[in-house]
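Heads up: the structure comes next, in structure tokens.
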Amino acid sequence: MINESQKLIIQEGKTPAAVIAGPGTGKTFTIVKKVVDLVKNHNIPANKILITTFTKKAAAELNTRIISEFNKEGINTDLADLKIGNFHNLANIFLADYKKLDDKFFYNKVIDTQTEGYLLEKNIDRFYQIQGFKENIKEYEIYAIQNIFAKITNNLIDVNILENSDNIEEKLSYEIYKTQLNILEENQLLNFQLLLKNFYDLLADPIIGEEIRENIDYVIIDEYQDTNYIQQEIAFKLLKNKNIMVFGDDDQALYRFRGADPKNLLEFDKVCRQKLDTPANFYKLNINYRSNQAIIDLSQKFINFQKKSDEFSKKLLANDSEFNQNTIVRAKAGNFENLAKIIKLLNKEINLNQIAFLFPTLNNDYAKNLQSYLESQDLPVLNKASTKFFDAYEIKVLIYIFAKIFTSYPSNIGYQDGLSKDELDKLYFRRYIANIFDDQSFKSMEMDKFIDGFQNTKNISLSEVLYKSFNLPILKDILKEKLDTLKNQKALNNIAIFTQKVSEYEELFDKKNKNYYIEFIYGYLFYLYKTKAIKEAEDLPEENEAINFMTIHNAKGLEFDVVFVSGLNDYPRADKKTFLSDFEKISTDDGAERDFYRKYYTAFTRAKKLLVILDNSRDYRLSNFANTLADSSALKTIDFKKEIPKKEKPILAYTTDIEIYSTCPLKYKFLRKLSFRLPLSKSLEFGTNIHNLSEYIAKNPNRDLDDDFFQKLFKTNPNYKLPLENFKNRSFNLKASEVNYKADRNFYILQGNIDIVLVDNSILDIKTGSYDQKILESYENQLLTYKYLMEYNKENIKQMFIYFINKDELLEVKPSYFDIDFIDDIAKNIINADIYRKTTDTSKCKYCPMKYYCDRY
């Protein structure tokens, strides 16, 4: 049912527009319906509507809901290359489409903040050589370096001004920025800030920017209150007209501490007048479908206590107008026994996963002690911010294996007076490794034999050691478990994270370095250990039958029947003047205190049926608010209901889902469900690079292979020359490359990425390897699936080709019977988690990394 406010936005909303969407007011529903209306009634193609979301999860949800709604409404529209994603995801897509043939052509790896932090620490001496660095940055050096780099890129600060400045801090900031940029470029890496900066520069290009804008008719930005300056600028550079609609709520702005600014929403009208020469239109969503009116009223009373005149006024109304004062209450935080009793009572009416405890941080003794007590009462807890990765048994086993093979028992593990923080961190890690060496539970004849087998081996890959270790009974017993309990999920997910970290290290650093193996343990793992960088349960699903422990930021966008909130020792921390503060575009007036109110308003409004404020908040704002509430509640007056968690239909890709599962369901468990990783092999790197270069050649047919770029490439990589010459000589007439097609199969969405679509609508799939009959059949099925996807999207295909580029062999795939039911059956098995069977065809195990675990090596 569409309410009047939603109807106005969906059917009559004038752009540019800002939609002020209060919590629980059906924002996602409105966005989906708006897209449907644009396609159905305004003839805007779906793939000319660009939508940015805050997270990948939100983007996947929007993709699914929009495609499902098209199907439901009987709308036949082209689903090729839907432009839905977060800013970084969309930046990646456009940058890949418009690659420049220069020294940065192969820069395609984006590293996370933690890996970047390690890389910077590894190169910290380069920063120490900068004049004034040690005098001006005396603590948290890596954080300071990253913060300066982020400020310069996120605020589009002209580095030439900094370089030529007489101000010591500005000059130092430039040198820090330049040094970090050099380190990233030397390693052919991007960070998240550079990704957006490169996207901004691409849009600023007068020719390319115009070409991109020609293919975008409408822009929708979600969570606009949490965008930063560069994201605002990107949003407006995507426009060829004034068709932009942003959704947000300044009262739920949570990320000012990392550069986001609610001013982007609050001053949207001002920016529209400046950039588009037109005023903005404002709309409100104010009917709350989540909470009881009592929760809404008291939450609004809290946020309005310190509301400023330039902020949007709001009056939220519950869809269910009943006012039940029992739905918001305070409770004694220290009475663990009573809290457990309340939860057990609630658990008779609702599932444990419908209950959440929200804190400003989980790195606090209260949260840790409460979790331990609840677990001792057989009340499982899913702590989404847990940093106990290195305490996990399975991780200690793996570290024991690597430490035993590549190092010896650590020395200097006794405490000495006068140690610096850095020296203490190293001491604690050496003690951690020593304790692992001393743990007798890891030791066995099989373990000793396994470790001895590597003692005289040179240049072995870390991943080879890791995957071979899965044959050990101590790890097999963990790996064989099903993903049906929280305990099993945690253990298997931890091993998956370890495979990812090993792969990242191997991809980044040269094995020829004499300290390569020791550095992995005492450099890379040590950095992750001391910084507590790994939140091992962050991506585990909330659907687990467990109480959710989260930070308030973790809970953004979620809702729970029952929410307990504690402010712990939190209080508004005044904004400090930091490097480049004068250059920041972010608003600072009353920022810290206002952010405090926003944070807890967001926490309160996660509650659907019952909000409990714990009485252990240090800050008077929260404690005074809690004291206005009753200290008991008649729970019987609240209409609790057990719910089966609603799951969005999954998006399954042919090559990375259907094909892997058809090869082996158990392989799917590890590689897709758990995301076990291997470092990019030389053959895969070669294949990826040849694909990218071939597509570039097809897009730029006048580019000569005799030019400097290709000659330099062929000199260092002679194996690239023949396949690229073969491709160039074919003179394929390209229409599009890397085209993504989707089809709604009712209970899931099938998607595929086609290498090249030719002008006559033939499809071409490039292969760099060799083939036998089985492999060829698999390739043919892939192309038949792509044919189905294109025809689903009302596109006729002329011919299908597989091009073996090394051999210059072009094979035509003739249309034949395509069994979509077979793919649907695989999709059902994936959704139903039928992922514990090994393939009976052992020939498929040859290149599978899990072959050691399966005893098929």
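Glycine too: its Cβ is placed from the backbone N, Cα and C atoms.
What TrEMBL says about this one:
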type    : residues                                               : note
DOMAIN  : 1-292                                                  : domain 'UvrD-like helicase ATP-binding'
BINDING : Ala21, Gly22, Pro23, Gly24, Thr25, Gly26, Lys27, Thr28 : ATP binding site
Enumerate the residues of the same chain, Ala21, Gly22, Pro23, Gly24, Thr25, Gly26, Lys27, Thr28 excluded, that satisfy the criterion Cβ within 8 A of the mean position of the Cβ atoms of the recorded ATP site; list them in sequence order. Thr30, Asp249, Leu285, Asn288, Tyr289, Arg290
Just counting, how many other CB atoms are there within 10 A of the CB of Pro23 (ATP binding site)? 24
Ranked by how many other Cβ atoms lie within 10 Å of their Cβ, the binding-site residues Thr25, Thr28 are led by Thr25
Binding-site residues compared (Gly22, Gly24) - the one with the fewest other Cβ atoms within 10 Å: Gly24
Counting Cβ atoms within 10 Å of each Cβ, the densest environment among the binding-site residues Ala21, Gly26, Lys27 belongs to Ala21
For the domain 'UvrD-like helicase ATP-binding' (1-292), provide the mean pLDDT of the predicted model. 95
